[in-house]
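Trainee: The annotation ATP binding site is assigned in Swiss-Prot to Asp6, Ser7, Gly8, Asn9, Ser10, Arg11, Leu12, Lys13, Thr131. According to Swiss-Prot, the substrate binding site annotation covers Tyr96, Gly103, Ala104, Asp105, Arg106, Thr181. According to Swiss-Prot, the active site, proton acceptor annotation covers Asp105, on the basis of sequence analysis.
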Amino acid sequence: MIILIDSGNSRLKVGWFDPDAPQAAREPAPVAFDNLDLDALGRWLATLPRRPQRALGVNVAGLARGEAIAATLRAGGCDIRWLRAQPLAMGLRNGYRNPDQLGADRWACMVGVLARQPSVHPPLLVASFGTATTLDTIGPDNVFPGGLILPGPAMMRGALAYGTAHLPLADGLVADYPIDTHQAIASGIAAAQAGAIVRQWLAGRQRYGQAPEIYVAGGGWPEVRQEAERLLAVTGAAFGATPQPTYLDSPVLDGLAALAAQGAPTA
């Protein structure tokens, strides 16, 4: 059994992959903890049906958090290898000028999405809405040409609340023409997030001559879903397309499982 770890800025998501089980079994459902609650990780490890052999993970929460996670795993008899982005893995080619500068979570997420595809597939747009929002494209040639990073919905809201003298920590509904400050902030955040998706969808369509399929993930997606789907529908209609995002619960863990299954380079 191999433990899969996705250590984000706010949440720690965990799962497992068992290459020795029939059909290389996965966890029934991933489990998420607050990233500061490593006792919860230890308790979860104690519930596993088998003793894990090792762990594979990504960590964007800093060196100290990675060391604390590793110590918790070692206490359970399990060492971890932290993934780094590679120039090439699982058929996915990294287009970054310096491939290892790409966040390991983004790399694993793209590997997870690509692992779901048939050998011939359209362009893929992978959008993850966490503390940061990332939008990454995979071409039909399995090349990642680049992507965007912007503050996630909660970070945008916090920046306005704590970086200004008079704006509140907004809790409002999205509207075309907001009529109070809470609505104005909520609508601006949704517009920024949705606009980034539409921008990259249009860029992919222009680059590849066909509309990208959209995959979305992350805890911030429900907040922007309605606005994103509305703008995508309006934009797609101009090209006779109906872009419809597909939500994935744990594409980073899916990517880690795929890499572990194939013995692909991880560091």
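Just so you know, glycine gets a Cβ as well, placed from its N, Cα and C.
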Trainee: Looking at the binding-site residues Gly103, Asp105, Arg106, whose Cα is closest in space to that of Ser10 (ATP binding site)?
Mentor: Asp105
Trainee: If you measure from the C-alpha of Asp6 (ATP binding site), which of the binding-site residues Tyr96, Gly103, Asp105, Arg106, Thr181 fall inside 10 Å?
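Mentor: Qualifying among Tyr96, Gly103, Asp105, Arg106, Thr181: Asp105.
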Trainee: Can you give me the same-chain residues 6 or more apart in sequence from Thr131 (ATP binding site) with a CB-CB distance under 8 Å?
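Mentor: Within the chain, Thr131 (ATP binding site) has Cβ neighbours under 8 Å at Gly8, Asn9, Ser10, Gly152, Ala154, Met155.
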Trainee: Please identify, from the binding-site residues Gly8, Ser10, Leu12, Gly103, the residue with the sparsest Cβ neighbourhood, meaning fewest other Cβ atoms within 10 angstroms.
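Mentor: Fewest other Cβ atoms within 10 Å, among the binding-site residues Gly8, Ser10, Leu12, Gly103, is found for Ser10.
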Trainee: What span in Å does the ATP site cover, taken as the longest CA to CA distance among Asp6, Ser7, Gly8, Asn9, Ser10, Arg11, Leu12, Lys13, Thr131?
Mentor: 14
Trainee: Given the binding-site residues Asp6, Ala104, Asp105, Arg106, Thr181, which one's Cβ is surrounded by the fewest other Cβ atoms within 10 Å?
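Mentor: Least crowded of the binding-site residues Asp6, Ala104, Asp105, Arg106, Thr181, by Cβ count within 10 Å, is Thr181.
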Trainee: What kind of secondary structure is Arg106 (substrate binding site) part of, going by DSSP in three states?
Mentor: helix
